Amino acid sequence: MADDDNSPPDETHPRVVSSSRSRLPAASPYGNVQIECRTLSIQVYDSHNADTRGNASEEIKGTAAGKNRDDHDYFAKLNFHELTVAQICQQLNVAQDRGLSESSAANRLRRDGRNTLPKAKTNYLRRILGYVFGGFCSILWVGVIIFFLCWRPLSDPPSATNLALAILVIIVIMLQASFSAFQDWSTQRTMKSITGLLPSETLVLRDGSMKRMPATELVAGDIVHLQLGNKVPADLRLLSDSGDIRFDRAILTREADEVEGAVDMTDANFLESRNIALMGTMVVNGSGVGMVILTGHRSVMGRIAQATAGVGERPTLIQKEIWRFVRIIICFTIALALLILLTWVGWLRPDHPGYMNLVAMLNNVMGCVVAFIPEGMPVGVALTLMMIARRMKSANILSKGLPVVETLGCVDVICSDKTGTLTQNQMHVNSAAFVDKQFPSPDDVYAELPVHASNDRSVRGQSIVKLHQAASLCNDATFDPTSLHLPLRERVVQGNATDAAVLRFCAAGDKLDSFRGLGPSTRVFEIPFNSNNKWMLTMFRIAQADTTVSEAKAGGQYQVFVKGAPDVLLPACSSYWSGESNTVVPLDAAARSAFKAYQDKLSRNAERVIVLCEKLMAPSHPPGSNAFSEEVANNAIVDLTVIGILGITDPPRAETASTVAECCRAGIRFFMVTGDYGLTAAAIARDIGIFTSCAEPDTFVTIHTNLGKSTASEARRIRLSGDCRSLLLEGPSVAQLTPADWDRVCEYDEIVFARTTPEQKLRIVNEFRQRDNVVAVTGDGVNDSPALRAADVGVAIVTSSDVAIEAADLVLLDKFDSIVDAVRLGRLVFQNLQKVIAYLLPAGSWSEICPVLVNVFLGVPLSLSSFLMIIICVFTDLFLSLSLIMEKEEFDLLSLPPRNHKRDHLITGRIYIQAYLFTGFMETCCAHAMFFLYMYKHAGLPIRDLFFLFEGYAEGFYGYTAAELAAFNATGQCVYFITLVILQWGNVLSVRNRRLSILQADPFTPKRRNPWLVFSMAISLAIAVFVTEVPGIQDLFGTASVPIEFWFLPLPLALGILTMDETRKLAVRVFPNGPLARIAW
């Protein structure tokens, strides 16, 4: 969620937005390292600031409860950076001039272990076992064992059918495991290898002499000498340096700016203090001596390696739903299997000993298992997610994980950054002013700019020249040389958007020779912009020809320009350049009021305000040394002179307002999280529809003053009643919010978080998630990566930094409004999964378990074999369920509120009623009717004589031999099977529309066309013919050819099921508050 105030300064080459995936930048090979390092640093800051947050700190500490030696607690307690050189030597028991002795080092090496990073090892055996034995497969393996036992030794002679069934179930298990493995492979991010970060050898002081030794043998207390080009072999506490030592921490932070080393502590945060050299960083300038304080897994890099290797992915909402369904089905399956077993032991075996032997009982138990478990569901779920992900890709949305697709359907809060996401990131200067003089437009500034200010010794025009000079020189943007021939607005700028806007403002004056005495060639020092300071500084050696500085002051002094946020710089200013008198005058209270009034005016006009300041400095230390850098940094924001004020506009994207409106229509609360000034953010929020009320939004003061008058539950009731309320919170206030405050904040409909730091962004996300909100976060900078990963769905733009893309779950490859398509598809995947399950359960579960129950408790010959049950679940129903995956949305899914992941489950009681008591009951009755019709018509066995028959269905029954009765039963089972296959055609036509009639949404008209439906019906029919008509299958699995009339009789029955469901839908539409509507799925 980085905007201009938070964007990393090194991102100076903006990428061109493209819908082509090929433009997507490759993720950094150390992306996870940078994310973890930034997260740890934020958490350490939180730990240090806990005492100043009052009760809010308890909320932060609570999140770490139960974790033993959490990483951020571990680093927050380290004090190596706080100790003096003498103290650190005393603590680690080492002499600075001699180093450790070999014996002492050997003892420490045995105690602490080698200085190596923990490797991320994948337990492939455990993962494969999870694929093969997890979920439904655990129960199916029980079936495999039972079928093998029924093959031999329980059957004499061995039963080839049971052997074939065992092999078939193994094939089913392998099929499910293969799809699970493929889905896991497609969603698993590649772990980033960081084992090659250590140098092979390093220079160490041991026993008073220097020696080269493997870095893996370093121990705490070793004194290491660092030279230019060295890679830091362990976490070191610097003891001395050359005065200009610098480290490249890009491996940890991705920020390319070099970090100066120091001997004394520079930051209370161990991870940020510059007297700590971190393992894996590179010495890019100077030299130094450091003492090893942390090695191997105890180092920062080691801790990060453990975090990235040992923490598993958080299960997504759809994964939780599927596991919930698996648990329910397994419980039902075990209960029914035990019921059959106990019934056989307690009743059938003693009262009907000749009816069901042990093998037959076990076959019935396994028939129960096979019947109740929808074996095709895991495959259907995996393919559903894959198809939706493919649709998202065609909509220019790259999903890095299949399960996260569905999570989008539950998102009820979107926290979006501003610049580059909601706005075009094409800034231009719209206003310019001095403290006491405002210009109607930038053109008026150009008009007053002297042509040759460098030769103009008069007072006139000095303030304009100084404004132009500061704007140009306190700037890191440059024009691409290849585009200099183009008009100004068309030139390509290398640099961030703010600097680019100021550069174009300067170039429009076309009088850059007015400060030729100063320029990039004389820049001696700079402090880049960062998201915490919110200002940048440039320092120049003063040329004698410069007209804006007196010759008396020029000797030994440097011109310093500072550009940044007014709320940070204005308190440090003591004077200002007057546009009226062209002189520097004191910044009194009246001038400060005028400045604040103008700032608020620009902010209400949605302009981002920056202030340009200057001062002269005469550092006592030589340029290029660390002491010089520290001296400048410590004295930079003191006694500044305000030069001028610039108002910068960044127009919203054309699609932003409609995107916000669509999200709000979908029941999603859309919040802005930005580093901009509060009034600026509020103005932009009104322009794009985040703030819809004309009234002033509530603030931090409102939260506190109303705390005793309005509880969180009352605030929620107000929100759900449709009373829209707005809130504007700025960063300093966020840190002061207590848990009770957050309870109320999280109930606002419209929120803008302004002037936020990356630490506060992460906290905002966590606070909303802790209150059962499903949060999506958009971000593009390195500092956003912890918030992106902490969110339920992290969304990056294609122009984001590599680390942000690494942390995100989704990448928008084109326009921001594609997030609306992503939400729609996320809801569609859940709806289609419900349709798939509602289709699979009637035949793949209910209509298969009933033959087993009727056989066990009513003594009717088994009307469906275990083999045919498996064929229905894994083959015939699977292809038809895949056609449901291709269904388009039945109605406008954005008109519905987000799914409540704690209440609206994938499988609900309403779906069970539809699948079992409505469709399943009709299919079971129809299939049994066809079975009994065949037995009566072709075998002459009336239905009344088949009930409670038990062991009576044997040799001599109605004069038939046992072989003839077995043949009749086998054919009857195939009739039941064929009937179910055809009845499912009516079922699939019913469940594809939950509310609409088939006349309103038939599968042939363009709006809801689904050619896969007819194709899948043809495949299921072909499978049915193959299973029942192929002689080899008949001999092996006991199937038989079905009389021709029983291929056609089920067709009107399938139409009857469709008609009954159409009648149900009509009743629901006509009586939306009636009893049928209340139980409709």
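Glycine is treated like the rest: Cβ placed from N, Cα and C.
Annotation source TrEMBL lists region 'Disordered' at 1-29.
The feature compositional bias 'Low complexity' is assigned by TrEMBL to 15-29.
Looking only at the domain 'Cation-transporting P-type ATPase N-terminal' (79-152), the predicted model's pLDDT averages out at 86. What TrEMBL lists as domain 'Cation-transporting P-type ATPase N-terminal' is 79-152.
Sequence annotations record features per position, and here TrEMBL assigns transmembrane segment to 128-151 (among others). Beyond the ends of the transmembrane segment (128-151), by six or more residues, the same chain brings 158-160, 162-163, 165-166, 169-170, 172-174, 176-178, 180-181, 184, 323, 326, 329-330, 333-334, 359, 362-363, 365-366, 369-370, 373-375, 377-378 to within a C-beta distance below 8 angstroms of the stretch.
Residues or ranges marked as transmembrane segment by TrEMBL: 163-182 (among others). Counting residues 6+ beyond its ends, the transmembrane segment (163-182) has Cβ neighbours under 8 Å at 128, 131-132, 134-137, 140-141, 143-144, 147-148, 151, 366, 370, 375, 378-379, 382-383, 866-867, 870, 874, 1036-1037 in the same chain.
What TrEMBL lists as transmembrane segment is 325-344 (among others).
Taken from TrEMBL, the feature transmembrane segment applies to 364-389 (among others).
TrEMBL lists 836-858 (among others) with the feature transmembrane segment.
Per TrEMBL, the feature transmembrane segment maps to 864-885 (among others). Taking Cβ pairs closer than 8 Å, the transmembrane segment (864-885) reaches residues 161, 164-165, 168-169, 172, 175, 363, 366-367, 370-371, 373-376, 379-380, 383-384, 387-388, 832, 835-836, 839-840, 843-844, 848, 851, 927, 970, 973-974, 976-977, 980-981, 984-985, 988, 991-992, 1010, 1012-1013, 1015-1017, 1019-1020, 1023-1024, 1027, 1037-1039 in its own chain, all 6 or more past its ends.
Positions annotated as transmembrane segment by TrEMBL: 911-936 (among others). Through the fold, the transmembrane segment (911-936) approaches residues 834, 837-838, 841-843, 845-847, 850-851, 854, 863-864, 942-943, 946, 968, 971-973, 975-976, 978-980, 983-984, 987, 990-991, 1043, 1046, 1049-1050, 1053, 1056-1057, 1060-1061, 1064, 1079-1081 of its own chain, all at least 6 residues removed from its boundaries and within a Cβ separation under 8 Å.
Per TrEMBL, transmembrane segment is recorded for 970-991 (among others).
Counting same-chain residues at least six beyond the ends of the transmembrane segment (1012-1030), those with a Cβ under 8 angstroms from any Cβ of the stretch are 868, 871, 875-877, 879-880, 882-883, 886, 974, 977-978, 981, 984-985, 988-989, 992, 1003, 1037, 1039-1042. Look at TrEMBL and you will find 1012-1030 (among others) tagged as transmembrane segment.
Taken from TrEMBL, the feature transmembrane segment applies to 1036-1059 (among others).
With helix defined as DSSP H, G or I and strand as E or B, the domain 'Cation-transporting P-type ATPase N-terminal' (79-152) counts 46 helix, 3 strand, 25 coil.
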